[in-house]
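What TrEMBL records for this protein:
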type	residues	note
DOMAIN	39-285	domain 'G-protein coupled receptors family 1 profile'
TRANSMEM	26-45	transmembrane segment
TRANSMEM	57-76	transmembrane segment
TRANSMEM	96-118	transmembrane segment
TRANSMEM	138-160	transmembrane segment
TRANSMEM	203-223	transmembrane segment
TRANSMEM	235-256	transmembrane segment
TRANSMEM	268-287	transmembrane segment
């Protein structure tokens with residue numbers, strides 16, 4: 001960090017101030033986090049063990065679930081423990097690390113969603129060429145590209161942040177470390193840094209969202225030439241993807257594509273995409289996907305037989 005720093009520790013204001021409300025939130029969010037880890041972990045395990053789920057679509061889904069676990073784990077465990085702590089503190093280095101991993105996994109997820117949309121586009125619009133286009137090698141390249149994209153995005157954010165001086169105050173108006181709340185504590189004008197962050201975060205999300213919307217419009221238009229059964233299957237798969245995209249991108253675009261503020265509503269919106277959405281994704285994919293449900297039943301059936 002910059003040599004002019006007098007601040008070594010930051011204090012979070014948290015989400016709520018009422019101790020009773022915080023205790024209730026502790027129980028609720030702990031259960032939500034456990035459901036996130038177990039649900040997404042089950043999808044990763046099922047896809048890797050089940051022979052029927054070795055298509056590119058499920059390959060990408062397993063990596064999406066893995067990213068959901070890591071993305072949620074960047075913020076939620078610290079947030080949960082702070083709910084029962086009298087003083088919610090984090091070191092300045094720890095704050096920067098949290099920002100790095102939060103943006104790393106967040107953008108990786110965005111890019112994976114774009115990759116999954118491309119996979120559905122090829123499967124529906126070019127079915128005869130699907131297996132030749134979506135080769136195993138290309139799938140690995142697309143996943144690696146998503147991770148690298150998230151890494152480079154996050155590196156840019158950190159290079160901006162570590163140059164800022166922090167000489168006090170040290171109270172950050174949030175329940176986790178993010179760039180805009182941290183910028184407000186800097187002992188210098190951060191207008192330029194704020195513009196760069198807006199371009200790097202907000203526009204990445206917006207451009208990816210527009211690509212996703214465009215791809216699904218093309219898919220829906222092309223479905224007119226399919227049979228009724230083909231349309232039903234394609235729409236069932238795409239509906240899950242579209243739901244996940246809206247749940248993730250809606251709150252993110254709301255926060256990043258407008259001037260920063262300190263409204264409590266902002267924190268509640270952040271809770272939705274940091275805590276709730278990662279838990280909903282496995283539910284959305286399993287409830288609307290017969291193949292995943294069948295594979296899970298077979299997996300647990302074998303385990304139960306082994307126990308007996």
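The backbone N, Cα and C atoms fix where each Cβ goes, glycine too.
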Chain residues outside the transmembrane segment (96-118) and at least six past its termini with a C-beta under 8 angstroms from it: 1, 57, 60-61, 63-64, 67-68, 70-71, 74-75, 78, 90, 142-143, 145-147, 149-151, 153-155, 157-158, 161-162, 176-179, 182, 201, 204-205, 208, 211-212, 215-216, 241, 244-245, 248-249, 252
Reported mean pLDDT - the domain 'G-protein coupled receptors family 1 profile' (39-285): 88
